[in-house]
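The following features are taken from TrEMBL:
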- 25-51: transmembrane segment (TRANSMEM)
- 41-290: domain 'G-protein coupled receptors family 1 profile' (DOMAIN)
- 98-120: transmembrane segment (TRANSMEM)
- 141-168: transmembrane segment (TRANSMEM)
- 197-225: transmembrane segment (TRANSMEM)
- 237-260: transmembrane segment (TRANSMEM)
- 272-290: transmembrane segment (TRANSMEM)
Amino acid sequence: MYTWNHTNKPDFILMGLTDSKEIQLILSVLFLLIYLVTVLGNIGMILIIYIDTQLHTPMYFFLTHLSVVDLSYSTAITPKTLENMLTTNKSISYTNCFAQLYIFILLAATECFLLSSMAYDRYIAICNPLHYPVIMSPRCCLALLTGSYVIGAVDSTLTVFSMITLHFCKSNVIRHFYCDTSPLLSLSCSDTHVVEIIIFIFAGSTILGSLFTISGSYVSILSTILKINSTSGKQKAFSTCASHLLGVTVFYSTLIFTYLKPTKSYSLGKEEVASVFYTIVIPMLNPLIYSLRNKEVKSAVVRLVKKGQGSRKLI
């Protein structure tokens, strides 16, 4: 165990997921493949929505930004994780560590409210379809998007600025694969009680606030769907929500498991598995969920392929 003087602010050491070289190699190959799929999938989703005018709707406006957020926070963590596993350099500077934490919290909190905005969009589309174009106007969509980023920035700023006031003099070894709140707090020799309360309040408000919005939207949606007489009408209404509901379930289950518990209960193992899932795996899954389970996106891909084939024939 290394001790250090916080006044010099030297590098932290990221211990990663395992000490075994063989397992590190396997994980690095796996994470690299996942990251490549994440990049291609999210950029592909953004391009499809941008090119196909039939997808220029509020739902896909939010989905575009969801892809941007997923791609960004995966990029903030995965490349550094791969560097740590493939090289002997496991250090990260004090500044870069807190920058990584700031970016991650900003984007994770933003994603929570983007998912809420998407749920609200589905609620209006199913429960109030006649007023949908008026309610979900470009101005409303922009306001919801801006609000998502602002809340994320406030959450991240208050969390990180409360943490940098702490003295880290126990050790510079972070027993995790990226800079997260719980592993960093465990290194502090200051009283972390107030900081833990701040983190719990803001993390809890972000997760539960957005989750209540999503839950309320889907309760109303379910109530409306049950009132539809035809089976085909119910299936059509539910199919518009299925992808989003699956994405929400996967994202929030891991997020709640990791953050809505006392910091003192942090331990290696289960928390790291959950962290791998929502920082590395979920950004890859989202474009797959919203494309493979979405008829509109699949139809857009077919149209683009046919358009490309038509252009080749003309040439």
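Just so you know, glycine gets a Cβ as well, placed from its N, Cα and C.
Remote same-chain residues near the transmembrane segment (98-120) are listed as 59, 62-63, 65-66, 69-70, 72-73, 76-77, 80, 92, 141, 144-145, 147-149, 151-153, 155-157, 159-160, 163-164, 178-181, 184, 206-207, 210-211, 213-214, 217-218, 244, 247-248, 251, 255, 278-279 (criterion: CB distance under 8 Å, separation of at least six residues from the stretch ends). Residues of the same chain lying 6 or more positions beyond the ends of the transmembrane segment (141-168) and with a Cβ under 8 Å from any Cβ of it are 4, 6, 58, 61-62, 65, 98, 101-103, 105-110, 113-114, 116-117, 120, 181, 184-185, 187-190, 192, 194-195, 198-199, 202-203, 206.
Among residues of the same chain six or more beyond the transmembrane segment (197-225), those with a C-beta under 8 A of the stretch's C-beta atoms are 109, 112-113, 115-116, 119-120, 122-123, 126-127, 151, 155, 158-159, 162-163, 181, 234, 237-238, 241, 245, 248, 252, 255-256, 259-260, 262-263. For the domain 'G-protein coupled receptors family 1 profile' (41-290), the mean pLDDT of the prediction comes to 88.
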